[in-house]
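A.B. asks: Please see the structure below; I have some questions.
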Amino acid sequence: MAIELLYDADADLSLIQGRKVAIVGYGSQGHAHSQNLRDSGVEVVIGLREGSKSAEKAKEAGFEVKTTAEAAAWADVIMLLAPDTSQAEIFTNDIEPNLNAGDALLFGHGLNIHFDLIKPADDIIVGMVAPKGPGHLVRRQFVDGKGVPCLIAVDQDPTGTAQALTLSYAAAIGGARAGVIPTTFEAETVTDLFGEQAVLCGGTEELVKVGFEVLTEAGYEPEMAYFEVLHELKLIVDLMFEGGISNMNYSVSDTAEFGGYLSGPRVIDADTKSRMKDILTDIQDGTFTKRLIANVENGNTELEGLRASYNNHPIEETGAKLRDLMSWVKVDARAETA
């Protein structure tokens, strides 16, 4: 079934322009949403916890900063862009007591709604606007007169206006310039988590790490292994990003293409696909989310242990030394997402 694409001509920008919007969180997405909304003629305030380091950044950008509770009381549209694992607490303590019938609670990701970690009253509009790109790209494309495609979804629609309101919001941040795709909270949540775990983060990270180990354990220099399994990965991903897998295969050498066809299925085989299906099941039935919440309730001990183990892998030390030789690589790429 073909997806439905909506554009600026399908959106009524006046719907969001007639609302007071609180952006809760001023990170990668928060700064982009708030600035794009303001440039589209929407009244915006920023809601942050007391003592937040982001408050000064928001003020420097010209925004009024309130506590999250104050922002929720002031607004009739609240976009919750805080980290997934803190959203339920923020909702319970600061947002829920300040909601009125007909207010809209929006999300950039569906996890907390889909898995019932947040349960707004029935008279509250619940929707999602999820740009398919990082915040700095959402902002840069908007300034350039373009946009980043967005997903929108509706979970509760007591007024019959939720779809139009989420589309209006998406248009105000530039999404309808590129195309807005209506979906569901379930589809966005499950596919997003699966992509992160099985392919983008978990799968790719393990593939790179194990490839490095195979080469170094066979006696090859760590620097050579790093270049071949990690450094050149960007070239391949960029080619796929720009024109698909066929474009990548067209662009590499015949030797690389032929070897890839032969060896790829030996690495990612039917057993791998079966385990990926198991990962999908764990996401769908809530197993992963329960473990995520348990980790938070236990002070992030499991996450911190995993993080330390991965950060101490030999590929990290090798990579740090080699990146110092590359003037075109940012000294601290993490600053981009801070």
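Including glycine, each Cβ sits where the backbone N, Cα and C put it.
Worth saying up front: this structure is predicted, and the values here are computed from it rather than measured.
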A.B. asks: Can you tell which of Gly135, Gly145, Gly147 Swiss-Prot lists as binding NADP(+) with Tyr26, Gly27, Ser28, Gln29, Arg49, Ser52, Ser54, Asp84, Thr85, Ser86, Gln87?
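C.D. replies: When Swiss-Prot describes the NADP(+) site, the candidate it includes is Gly135.
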A.B. asks: Which residue among the binding-site residues Ser28, Ser54, Thr85, Gln87, Ser253 has the fewest other Cβ atoms within 10 Å of its Cβ, if you could check?
C.D. replies: Ser253
A.B. asks: What residue among the binding-site residues Asp192, Glu196, Glu228, Glu232 has the most other CB atoms lying within 10 A of its CB?
C.D. replies: Asp192
A.B. asks: Compute the C-alpha separation of Ser253 (substrate binding site) from Ser54 (NADP(+) binding site), stating it in Å without decimals.
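C.D. replies: Roughly 47 Å, rounded to the nearest whole number.
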A.B. asks: Count the Cβ atoms, other than its own, that fall within 10 Å of the Cβ of Arg49 (NADP(+) binding site), considering every protein chain shown.
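C.D. replies: The answer is 17 other Cβ atoms.
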A.B. asks: Work out, from DSSP, the number of helix, strand and coil residues along the domain 'KARI C-terminal knotted' (184-329).
C.D. replies: 122 helix, 0 strand, 24 coil
